[in-house]
């Protein structure tokens with residue numbers, strides 16, 4: 001896999017972007033690459049002796065090698081567990097591209113690959129003037145889509161893919177992540193997604209119970225070019 005960075009987005013919030021990003025980091029590390037994660041903007045942070053910290057960003061930090069400073073992984077750590085734009089307003093913080101680009105540049109200098117995890121679904125804004133598409137353009141990186149397998153995934157996946165491409169960005173692959181273990185016709189839905197999405201398929205993750213080490217699932221993902 002020759003990419004130096006990519007952006008992980010999803011069909012919705014709560015569909016496993018962080019877990020998939022951690023699996024990708026372990027996959028890359030298993031191939032001898034220095035791989036680090038980044039969560040540019042995170043809401044729902046908790047305060048500790050070291051400052052505001054986000055659970056997802058900490059998971060990315062733990063899956064990274066080398067281990068970057070937390071402030072590079074998560075430049076904007078917002079307390080309220082709401083949409084980032086609302087959380088930033090409540091915290092009196094203005095999210096700007098410059099600190100995000102600067103942190104990303106430092107991470108790229110430390111690693112062979114940077115896995116950047118987005119917020120919510122693709123259309124979730126960062127503030128009144130910055131969408132995730134704005135950030136991805138500024139970083140000049142492609143997008144990987146995580147599709148949460150549950151009722152409605154066909155619609156959500158097709159809309160998300162269309163939106164990414166309409167924004168003029170390159171979507172280089174998609175990963176199916178089983179959110180609802182009781183979803184009817186999972187294989188049939190997966191087959192339809194593979195037929196209808198005009199982007200490469202990187203693999204399918206089964207429903208994973210809490211506590212599973214993401215490193216154990218690295219072999220299930222196969223980025224294009226492998």
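Don't overthink the numbers, they just go from 1 along the chain as shown.
Cβ atoms here come from the backbone N, Cα and C positions, even for glycine.
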Out of 56, 65, 71, which does Swiss-Prot tie to the same Mg(2+) site as 18, 117? 56
Structural state of residue 56 (ATP binding site), classified by DSSP into three states: helix
Given residue 18 (Mg(2+) binding site) and residue 208 (ATP binding site), what distance in Å do their CA atoms have, once rounded to a whole number? 13
Roughly how many Å separate the Cα of residue 119 (ATP binding site) from that of residue 39 (active site), to the nearest whole number? 8
Just name the most isolated of the binding-site residues 18, 43, 178, going by other Cβ atoms within 10 Å of its Cβ. 178
Just counting, how many other CB atoms are there within 10 A of the CB of residue 39 (active site)? 28
Say we define neighbours as other CB atoms within 10 Å of the CB. Which of the binding-site residues 119, 208 has the fewest? 208
